[in-house]
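Undergrad: Straight from Swiss-Prot, here's the annotation block:
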type	residues	note
SIGNAL	1-18	signal peptide
DOMAIN	25-248	domain 'Peptidase S1'
DISULFID	Cys31-Cys162	disulfide bond
DISULFID	Cys49-Cys65	disulfide bond
ACT_SITE	His64	active site, charge relay system
DISULFID	Cys97-Cys255	disulfide bond
ACT_SITE	Asp109	active site, charge relay system
CARBOHYD	Asn120	N-linked glycosylation site
DISULFID	Cys141-Cys209	disulfide bond
DISULFID	Cys173-Cys188	disulfide bond
DISULFID	Cys199-Cys224	disulfide bond
ACT_SITE	Ser203	active site, charge relay system
Amino acid sequence: MVLIRVLANLLILQLSYAQKSSELVVGGDECNINEHRSLVLVYSDGIQCGGTLINQEWMLTAAHCDGKKMKLQFGLHSKKVPNKDKQTRVPKEKFFCLSSKNNKEWDKDIMLIRLNRPVNNSKHIAPLSLPSKPPSQDTVCNIMGWGTISPTEETYPDVPHCANINILDHAVCRAIYPGLLEKSRVLCAGILEGGKDTCGGDSGGPLICNGEIQGLLSVGGDPCAQPHVPALYIKVFDYTEWIQSIITGNTAATCPP
């Protein structure tokens, strides 16, 4: 079963992306407290997601993480004992691809958020660069988030977990996800042997390759971390022109077809 990996209090909110749920990092370890400065914890109408700061006033997450009441936390590591430089913001503006709100296309699950006021760079807060080129097959990339660390139980950690996974051939995911087009603007990533994966509560979180934000978690298997069931990540490189156009003031910019 394919699930969008989102945590809604103590239950998984199932959305219309072929009934996917949000996810957390399974098979990883606690992230180094100083090595996830761009990671954002997103609370949206009771749902937990991840996100990525791309400059002091803008961030990215998945479109299916949208909600009427959103709280965005920066510089967070432990939820119970927050860093002194933790900052909280809310959205000022939100931008979507035209079709993403209809939940009909695999590759339009992206939301660009302008913060109500800029965050200040600090020891635990800094933006991540947009990609200069797409990642090649077999590139080792990093996933991270506060999602569940068990593929079968709701075991949510106090701190974010990180793991390394690989960029896989697009054909691997096409064989798993019905309706995924050959030219969909997504990345297929995971560990074919299983054991490491994003999972419930990680939706919208980053796929980081060579120090750049290459993907946003959108869709994965249920249960998480199964052999031969990688996840789908929105291919950020294909949206860089749209993102940069909006940030520079062209709010009427359209997403790539």
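Residue positions begin at 1 at the first shown residue.
From the backbone N, Cα and C atoms, a Cβ is placed for every residue, glycine too.
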Undergrad: Which ones, of the recorded positions Asp109, Ser203, Cys255, have a Cα no more than 10 Å from the Cα of His64 (active site, charge relay system)?
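TA: So far as Cα distances go, the recorded positions lying within 10 Å of His64 (active site, charge relay system) are Asp109, Ser203.
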Undergrad: Taking Cα atoms as reference points, which of the recorded positions Cys65, Asp109, Cys141, Cys162 is nearest to Cys97 (disulfide bond)?
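TA: In terms of Cα distance, Cys97 (disulfide bond) lies closest to Asp109.
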Undergrad: At the level of the C-alpha atoms, what whole-angstrom distance separates Cys65 (disulfide bond) and Cys188 (disulfide bond)?
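TA: Answer for this pair: 20 Å between alpha carbons.
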Undergrad: Tell me whether Cys199 (disulfide bond) sits in a helix, a strand or coil according to DSSP.
TA: coil
Undergrad: Out of Cys49, Cys141, Ser203, Cys224, the recorded positions in the record, which is closest to Cys188 (disulfide bond) when you go by Cα distance?
TA: Cys141
Undergrad: Compared by Cα position, which of the recorded positions Cys31, Asn120, Cys173, Cys255 is the closest one to Cys224 (disulfide bond)?
TA: Cys173
Undergrad: Using C-alpha atoms, which one of the recorded positions Asn120, Cys199, Cys255 comes nearest to Cys173 (disulfide bond)?
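TA: Nearest candidate: Cys199.
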Undergrad: Of all the disulfide-bonded residues given, Cys173, Cys199, which has the fewest Cβ neighbours within 10 Å once its own Cβ is left out?
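TA: Counting other Cβ atoms within 10 Å of each of the disulfide-bonded residues Cys173, Cys199, the minimum falls on Cys173.
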Undergrad: Take the C-alpha atoms of Cys31 (disulfide bond) and Cys141 (disulfide bond) and report the distance between them in angstrom, rounded.
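TA: Distance (Cα to Cα, whole Å): 14 Å.
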